[in-house]
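Student: Let me begin by handing over the structure; questions about it come next.
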Amino acid sequence: MSESVHTNTSICSKGMLSVIVAQFLSAFGDNALLFATLALLKAQFYPDWSQPVLQMVFVGAYILFAPFVGQIADSFAKGRVMMFANGLKLAGAASICLGVNPFVGYTLVGIGAAAYSPAKYGILGELTTGNKLVKANGLMEASTIAAILLGSVAGGVLADWHVIAALVACTLAYAGAVVANLFIPKLVAARPGQSWQLAAMIRSFFCACVVLWRNGETRFSLVGTGLFWGAGVTLRFLVVLWVPVALGITDNATPTYLNAMVAVGIVVGAGAAAKLVTLETVSRCMPAGILIGVVVAMFSLQHALLPAYALLLLIGILGGFFVVPLNALLQERGKKSVGAGNAIAVQNLGENSTMLLMLGLYSLAVMVGVPAVATGIGFGVLFALAIAALWIWQRRQA
């Protein structure tokens, strides 16, 4: 997009729709690849505790590259950054198809994802602003969750048929995302001319961390989104091990169907948040966050498929309503202080550090033999208490 682009354009503009299509294909590949690679690990007789470790190497890339990816997103046209990042994902998926160690290939996908995230969210603030940004985030989350829904199911179903076919489908999805990125109009770089010295980049990133942490609103958003996504990723792996224990089902498809219900719910919750929550009323989302933990504990006690589907759908609705306003708040406030790209990179550091911690604790619980049901109950209760503490803290800071 040229310099004539102005913010606050329609969320159905050509630029916005191009971003959404590219995001859908990229997220589809991410989620199909996760379940296809988990099936590959199962087929190659890796131990159960290696499953969360697979995700840990992915989020480790986010943490390692966090000081750099925000500046990259703000120093170049964000659509082109997205295209380069999807190219890295394409290379990672293709390498797994060709027999490279799945942990190595998945790490490469993680590097691409780390570079992609600040650009995909930062570009929204360059295409629109204000309360339209909440709606744009809702559209982005809806697209992402639709991709999670379809990608997760496709990955599991195809893997039950043929693991390599599932991996090839992931590679093709990333290739489609690269092509879609070509149709994103070129925006002017948000912050060109920054230093590319390693020490200066690290110093600049941690200065951005300090600026965002000292602001009460952005600190609140960082903690809330970190807890949510850390819990969300852990729940995905918990479901994979919970299904054979609680339901007696051992295929690859059933966990993907159950995880897909969370995705459907997030679409609904994101839509509700776009209509009911503004940047001035973000605290309305907090009760939903507490209820997520309560419902996770209830879900862990189920032994029938139908109530499990219903409760995971409810978890998704609560999750979408909780996280979309927090994302929009950080983007709007962060854009004005440290730049949208840096704000999202700081957010990614927080989210992925939380994911790494939660996945590490979950992997440890699996290694020492804690039952899946007990793990789920404890996980849900702790999450509810954490969000309640965050809400109390935020009210005292106000």
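Backbone N, Cα and C atoms are what each Cβ position is placed from, and that goes for glycine too.
Remember, predicted model here, so these are calculated numbers, not experimental data.
The transmembrane segment annotation in Swiss-Prot covers 19-39, 53-73, 96-116, 139-159, 164-184, 195-213, 227-247, 257-277, 281-301, 304-324, 352-372, 373-393.
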Student: Who are the long-range neighbours of the transmembrane segment (53-73) in its own chain, taking Cβ under 8 Å and residues 6 or more past its ends?
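Tutor: Those are 34, 37-38, 41, 81, 102-103, 106-107, 109-111, 113-115, 117-119, 122, 190-191, 194, 201-202, 204-206, 208, 233, 237, 339-346, 348-349, 351-353, 355-356, 359-360, 363, in sequence order.
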Student: Under 8 Å, at least 3 Cβ pairs, sequence separation 6 or more: does that hold for the transmembrane segment (281-301) versus the transmembrane segment (373-393)?
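Tutor: Counting Cβ pairs under 8 Å, at least 3, so yes.
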Student: Between the stretches 164-184, 227-247, 304-324, which wins on the count of C-beta pairs under 8 angstroms to the transmembrane segment (257-277)?
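Tutor: By Cβ pairs under 8 Å, 304-324 leads among 164-184, 227-247, 304-324.
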Student: Is the count of Cβ pairs under 8 Å between the transmembrane segment (96-116) and the transmembrane segment (19-39), pairs 6 or more apart in sequence, 3 or more?
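Tutor: With 3 or more qualifying Cβ pairs, these stretches touch.
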Student: The transmembrane segment (139-159): which same-chain residues, six or more beyond its ends, come within Cβ distance under 8 Å?
Tutor: 11, 16, 19-20, 23-36, 38-40, 120-121, 124, 165-166, 169-170, 173, 252-257, 259-260, 263-264, 266-267, 270-271, 316, 320, 323-324, 327
Student: With CB pairs under 8 Å as the measure, which of the listed stretches 19-39, 195-213, 352-372 comes out on top against the transmembrane segment (164-184)?
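Tutor: Selected stretch: 19-39, with the most Cβ pairs under 8 Å.
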